[in-house]
Amino acid sequence: MSNAITMGIFWHLIGAASAACFYAPFKKVKKWSWETMWSVGGIVSWIILPWAISALLLPNFWAYYSSFSLSTRLPVFLFGAMWGIGNINYGLTMRYLGMSMGIGIAIGITLIVGTLMTPIINGNFDVLISTEGGRMTLLGVLVALIGVGIVTRAGQLKERKMGIKAEEFNLKKGLVLAVMCGIFSAGMSFAMNAAKPMHEAAAALGVDPLYVALPSYVVIMGGGAIINLGFCFIRLAKVKDLSLKADFSLAKSLIIHNVLLSTLGGLMWYLQFFFYAWGHARIPAQYDYISWMLHMSFYVLCGGIVGLVLKEWNNAGRRPVTVLSLGCVVIIVAANIVGIGMAN
């Protein structure tokens, strides 16, 4: 396995670790509605950071974006909005299926759809099947899916042991939302694929290869921001028990506390895709679809590890932890299989 591929896998791991940890600061926010908290973090992660970093990277910010036709920018934006819909459905999936089943089904579907649809759309899926390296990477995707399934099973065992239940369990509604979440969340993978002309243009301007994907986040995350912020603002305006004014009428020290924590959560959310861009840049072009598989499977891996570190599994008993450990090992094996396949 070449050093470039190894570093690509490593940066995807770092990005996934940030994704697995980003919600921790949000949990410490006090006396704010979820909608206010999510909006503040979202403004940081989807608007401020993408714009600020792109302004630093690009020699002429406005000239860069105006150089693309609407036919180039619109698919990138719409796929970003598609991801935004999946992001909202994610929370509803947890509500009706519970954490373990919800995450397992949603992540499993988005892993398959986001990984395999890209080469199908690009018309080179047959090349993957017909080459040894391609078949090896596809095997890695299958093994990763098995690993996600095992971790999901561990979560179910944990919830059963600890008596944790879904907020409003509804299998039919939850499964529909999980499938929708999985499909729509893959919009981020499709957006990255559609944004290749933007990446190439950034490279032509002298932007370092590790950073060429970052300017496209202004458009991608702009699409996601409109969906997420629109959802939050509509609820803040229409739901009687929610009030943006009330949330910002608290003691000044508490407002600062909440803003700082929400900002930190937003920063950590953004960092997952900052390092995703670094990892993506190191993956061979013919296997760039693998970036999504690495990110999603490592997200599940890191989520399990973070849960162990935070002692969330302490009262779950030995069997769930053993199953979780097995699932994590399978995901690591999957990453190695994919790495070997790309090296071939």
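Cβ atoms here come from the backbone N, Cα and C positions, even for glycine.
According to Swiss-Prot, the transmembrane segment annotation covers 4-24 (among others), on the basis of sequence analysis.
Residues or ranges marked as topological domain 'Cytoplasmic' in Swiss-Prot (evidence: experimental evidence): 25-37 (among others). With DSSP states grouped into helix (H, G, I), strand (E, B) and coil, the topological domain 'Cytoplasmic' (25-37) comes out at 7 helix, 0 strand, 6 coil.
Annotation comment: Swiss-Prot describes 38-58 (among others) as transmembrane segment, evidence class sequence analysis. Long-range contacts of the transmembrane segment (38-58) within its own chain (CB-CB distance under 8 A, at least 6 residues past either end) are made by residues 26, 64, 202, 205, 207, 211, 214-215, 217-218, 221-222, 224-225, 228-229, 232-233, 236, 258-259, 262-263, 265-267, 269-270, 274.
Listed by sequence, the residues of this chain that lie at least six past the ends of the topological domain 'Periplasmic' (59-73) yet keep a Cβ under 8 A from its Cβ atoms are 197-198, 201-202, 205-206, 215, 218-219. Feature annotation from Swiss-Prot assigns topological domain 'Periplasmic' to 59-73 (among others).
Marked as transmembrane segment by Swiss-Prot: 74-94 (among others). Remote same-chain residues near the transmembrane segment (74-94) are listed as 102-103, 105-106, 110, 166-167, 174, 177-178, 180-188, 190-191, 194-195, 198, 216, 219-228, 231 (criterion: CB distance under 8 Å, separation of at least six residues from the stretch ends).
Here Swiss-Prot flags 95-100 (among others) as topological domain 'Cytoplasmic', drawing on experimental evidence.
Look at Swiss-Prot and you will find 101-121 (among others) tagged as transmembrane segment, backed by sequence analysis. Within its own chain, the transmembrane segment (101-121) has Cβ neighbours under 8 Å at 86, 89-90, 93-94, 127-128, 141, 144-145, 148-149, 151-153, 155-156, 166, 174-175, 178-179, 181-183, 185-186, 188-190, 193, 288-290, 292-293, 296-297, 299-300, 303, counting only residues six or more beyond its boundaries.
Residues or ranges marked as topological domain 'Periplasmic' by Swiss-Prot: 122-136 (among others). Distant neighbours of the topological domain 'Periplasmic' (122-136): 116, 193, 286-287, 337-338, 340-344; these residues of the same chain sit at least 6 beyond its ends, with a Cβ under 8 Å from one of its Cβ atoms.
For 137-157 (among others), the entry in Swiss-Prot reads transmembrane segment, with the evidence type sequence analysis.
Look at Swiss-Prot and you will find 158-174 (among others) tagged as topological domain 'Cytoplasmic'.
Look at Swiss-Prot and you will find 175-195 (among others) tagged as transmembrane segment, backed by sequence analysis. Long-range contacts of the transmembrane segment (175-195) within the same chain, counting only residues at least 6 positions beyond its ends with a Cβ under 8 Å from a Cβ of the stretch, are 75-76, 79-87, 89-90, 92-93, 96-97, 101-102, 105-110, 112-115, 117-118, 121-122, 213, 216, 219-220, 223-224, 273, 280, 288-289, 291-292.
Feature annotation from Swiss-Prot assigns topological domain 'Periplasmic' to 196-213 (among others); the stated evidence is experimental evidence. For the topological domain 'Periplasmic' (196-213), DSSP puts the residue distribution at 12 helix, 0 strand, 6 coil.
Taken from Swiss-Prot, the feature transmembrane segment covers 214-234 (among others).
Confidence across the topological domain 'Cytoplasmic' (235-258), taken as the mean pLDDT and rounded to a whole number, stands at 91. Residues or ranges marked as topological domain 'Cytoplasmic' by Swiss-Prot: 235-258 (among others).
Marked as transmembrane segment by Swiss-Prot: 259-279 (among others). Within its own chain, the transmembrane segment (259-279) is flanked in space by residues 7-12, 14-16, 18-19, 21-26, 28-29, 32, 37, 40-46, 49-50, 53, 188, 210-214, 217, 221, 291, 294-295, which lie at least six positions past its ends and keep a Cβ under 8 Å from the stretch.
For 280-289 (among others), the entry in Swiss-Prot reads topological domain 'Periplasmic'. Counting residues of the topological domain 'Periplasmic' (280-289) by DSSP class, helix then strand then coil, yields 6 helix, 0 strand, 4 coil.
Per-class residue totals from DSSP over the topological domain 'Cytoplasmic' (235-258), listed helix then strand then coil: 15 helix, 0 strand, 9 coil. For the topological domain 'Cytoplasmic' (25-37), same-chain residues at least 6 beyond its ends with a Cβ under 8 Å from one of its own Cβ atoms are 232-233, 235-236, 242-244, 247-248, 250, 254, 257-258, 261-262, 264-265, 268. Scored by C-beta pairs under 8 angstroms, the transmembrane segment (137-157) has its highest count with 323-343, from the stretches 4-24, 214-234, 290-310, 323-343.
Residues 1-2, 5-6, 9, 13, 132-141, 143-144, 146-155, 157-158, 283-284, 287, 290, 293-294, 297-298, 300-301, 304-305, 307-308, 313 of the same chain lie 6 or more positions beyond the ends of the transmembrane segment (323-343) yet place their CB under 8 Å from a CB of it.
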